Amino acid sequence: MGRVPVPRSDSVRVAVRVRPFSQREKNSGSQCVISMHSGNISIRDPKNEERVKTFTFDLTYWSHDGFQKDEDGVLIPSDPASKFAGQSDVFHDIGRGILDSAWRGYNATLLAYGQTGSGKSYSMIGFGTNKGLIPRVCEELFQAIEKQKENLEPQVMFSMLEIYNEQIRDLLSRTKAPGGLRVREDQQLGFFVEGLKWVPCENYAQIEKLVEQGSKIRMTASTNMNASSSRSHMLIAIQFKQVFLDTALTKRSSINMVDLAGSERQRSSGSEGDRLREGSRVNLSLTSLGNVISALADLAMGKKVLHIPYRDSVLTKLLQSALGGNSRTTLIAALSPADICYEETLSTLRYAERAKKVRNRAVINTCPLARASRAENALLLGFRGAGAAEHPACFWAEQQLGNQGTWAQLLEQARREWEEQYEALTQEQKMVRILPHLLNVNEDPQLTGVLKFFIHNGSCDVGRAASNAICLQGLGISDKHASFVNLDGKVTVAPHSKCKVIVNGVPVTGRTKLQHLDRIILGSNSAFLYVGFPSERGAEDLSRFDYDFFQLERAAAEGVSVATLGCVSPGDDQADPSILAVFQDYVKLMPLVVEANQMSEELKKGLTMELKVKNLASSDSRGYDLQKEVMVKVTKQGTHEVWIWSKAKFINRKFLMEELYQRFLESRDSHVAQEDDPFWDPLEVVHLGSAHVWLQPLAHCMMLEEQVEFLNCDGLEEAVLHIRITPCSPEGWAHGEEDMVIDPLELLGKRIDFQTHIVRCLGVKWLKEDGSRGIQMGYGIYDLPNTLYTKPVWKSVNPRIEETVHFAALGASREFLDYLLTNALIVDLWGLQEGCAPLGVSQLDVLLTGEGHIMVDTKTFSSVKDVSQITSNQVPELYQKLLKLEQETELLRDVNRALRGENVFLKASLENAGSAPQAQKLDNPEGATRTAAREAKQVCAQQASSDAQLARALKVFYQGMGVARGQLLRLRRCRPPEDDQMLRPFVHQQSQMLKDLEDLLESSLHKLKADVAFIVKKRKEYLLPSQQ
């Protein structure tokens, strides 16, 4: 009887869990961007609240709020209406499913994924009385074993390993194999770890002590190798075998529970622009896991997949059966609800969504046993013969255990080891109650408090040397680093020589008295909480003194806080999420920079690294703050060479530095080729600061001449810029006061010429620090596609530049005038170093006038490369002018209609003149008749003359419009020559034709207005005397 022939197809089950705010997030005033409704989880973009993304998963757990502690410290819902999900809820859904699969003979795998600090370890291991999935699964397994019938013999084997930098460390072995344990492959078994220690267990207490022992070894290894646990994967494996004594059948199940490394490492290591971005192996496992999941998801969607990259990393080799193979797999994605973690949380959700599509093919693992093999020794050794290949599960048991003895012997050996550990643990607990001691504090909460160093009466030395009372390996720890003295009920600490000791965030140089719960950092980043004498202790909550507390205290002591970064405006309690994220980055990178500096010192690389906040005091051309980001300034000691690394690039280099440093510790060899050295980069230009020159005077045709400070990223003066901007004629003659305009709209549609003249740069600190350096300046204006740079100037603290550039806006738009009124010209100062290439710009995308001046306000032009678009883009603007002229023509037609009305009135008056009073006719009948006839003739003649004049004016105007329309049609039909050499003359010709057309339109309209005004005036002059 073998495996079930028909495997069961199961999708990977995906659960998501949202944790409460961390203390750091609370201090920063973070906002929650996640919501859950009916199994759906939504995340809102803090920069655009209308952008909401919704995901659906198998299980969702809201653990963010709505909870309280019971009398045992267990977190429970605060009221019946609370949707809070505690550890017991997670175990009920996930843990019991794992146990059910194990009892039925299926392999089961649990993966915890998420960024560092998102709550992965809390869900897997738990904290205090809030036990996580791993201890609950193990405890429930043994509780169920105790209830089983007599004819079943269960066997439980336990192992615990860590994967860091593609090396496997056995966390249950006190000896470290050089280069780590090896992964082997067998055609029947698949991948397995050769030499991994498997410990037989007969109760949960043994597993609990093994986890504690493994955590202690992991913490010690992390300190010795300077390898943060957040960058390693921890895998706990349980081999559970059920031997049915009455049916000669064995069921076997592998339970793998994996706490993956922080997922943010995967994204950060892909530093854009870093020549060594593919060099680090620290992140290879997590990247490969993502590639495997993506390939399997594509396969499940019916896409053609040629290869599943299981072999790309150690982790994916060991998880091959868990992903797409023989296992029932659950992935729990841990999420931070804070707005400052939005990008990482969204990335985790997308990762989990892909994993949901992966399908496994789980089978029940069974193996037949001969009746003669029911004895314990035959159980482990009975398949050495030819039948072993037919029953790989049993053969695996032989490989792992056969050479170690029978099951009973293995249990006895494990029992003796456990008793020794229990005795040592009991002794340690006694000392904790009576002696002051140091508790380690780690970035991983599960490793905090694992190490305890006791301070006995008298002097107690700390350092690398084995002769010290406290032997501490770690970055920046000297052989004799510091001394703790326990005397007369007081404990003091004093650093040796120049060794680094920090107490409560402040470096100390002399003997310092310690108080209960003081925070101590030895070397680069070995953090400890001092626990005083029993009389000093109370019912304190030590959990609040976590890794974040240490780093925030350290940052505050160095003058870095939310307020110094400008996160909160005066009188405004709402913090900017993007700036809060910068503060979080700064605090996270602080210990990494300290460690990198220490590695540089020990490896004799001669580099000094310091954190900076880019754009801390910088603003854009309108005066608004630019987006801030953390960067690392790297300086070479002696030569004063400088590099600026982005956050992502620094993190990537830090990984590579750790690999080189680890090799140095193992072999004392730190040699590496220059191109592969993470401490080296080719020289490059360095941004020193920016100066703002406000352009408002230019909008009024006024010259401005200023001396403006270049401010660096810290807001301090780097140099002073002397610049002059002068409005001028197309020929370059400066305008005088008589050309000044009060209203900038007077310049609308007109040509504006001006010159920028950079005179000199004064007091350049960059050049004061090293006389061999040089500088360049660069600036752009309005819609200019490229930045213009001055020529390089070397070895002068007050360099004269004397560079002038002539700009022209051929028809100033409203937007350009608004730009001049409200914006500044930003001039950037760049530092040059010997051996680096100066900055330059291509002139291909710059449009020039016929005089050779640089054109701005050219939004209607696409580029010289596509000159055919120039005319077509200009056409709508010309049609707008024609439309305006037609409207004015319609107005003149209204005037014409009014004049015709007056004409009718005059004719009526003439008729009335024929019916004058009879008395007047009798007195002088002949004279009256002649006078009336003469007046009528004059009125008619004047009317005819006015109509004729108006008709002629309109005729002339419409003739002009006909010419204008003809020119417009020619412009539309005209196409540029294919010869590139003829492009510039063609553009000039087109510009001249447009100018001629504009002049024609304006002159035609002006003449029409003048003619009509003259006609109206003459009509009024004649009508007024005739009406009197």
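The backbone N, Cα and C atoms fix where each Cβ goes, and this holds for glycine too.
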Checklist line | Feature coiled coil in Swiss-Prot, mapped to one of the ranges 33-62, 213-242, 843-872, 873-902 | finding: 873-902
Check: Just how many other Cβ atoms lie inside 10 Å of the Cβ on GLY117 (ATP binding site)?
Finding: 26
Item checked: Structural state census, the domain 'FHA' (460-523) (DSSP three-state) -> 0 helix, 29 strand, 35 coil
Next item on the list: Check the domain 'FHA' (460-523) for me and report the mean pLDDT.
Entry: 93
Next item on the list: Enter the number of other CB atoms within 10 angstroms of the CB of GLN115 (ATP binding site).
Entry: 24
Notebook entry, point to check: Out of GLY114, GLY119, which has the highest number of nearby Cβ atoms, where nearby means within 10 Å of its Cβ, if these are the binding-site residues?
Noted result: GLY114
Item checked: Which of THR116, SER118, SER121, the listed binding-site residues, has fewest other Cβ atoms within 10 Å -> THR116
